[in-house]
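Feature list (source: Swiss-Prot):
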DISULFID  Cys5-Cys19  disulfide bond
DISULFID  Cys9-Cys21  disulfide bond
DISULFID  Cys14-Cys27  disulfide bond
Amino acid sequence: GLPVCGETCFGGTCNTPGCSCDPWPMCSRN
């Protein structure tokens, strides 16, 4: 399966591939 987008992104960047920092400050699938 795909990596889960669940990390926080207070700096505006997500480490998980295919994830965007939206809605801030949580990463979600883009």
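Cβ coordinates come from backbone N, Cα and C, glycine included.
Overlay of Swiss-Prot annotations on the structure.
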residue: Cys5; record: disulfide bond; CB count, 10 Å: 20
residue: Cys9; record: disulfide bond; CB count, 10 Å: 19
residue: Cys14; record: disulfide bond; CB count, 10 Å: 20
residue: Cys19; record: disulfide bond; CB count, 10 Å: 21
residue: Cys21; record: disulfide bond; CB count, 10 Å: 19
residue: Cys27; record: disulfide bond; CB count, 10 Å: 23
Cα separation, Cys21 (disulfide bond) to Cys5 (disulfide bond) (Å, whole number): 9
Secondary structure of Cys21 (disulfide bond) (DSSP, helix/strand/coil): coil
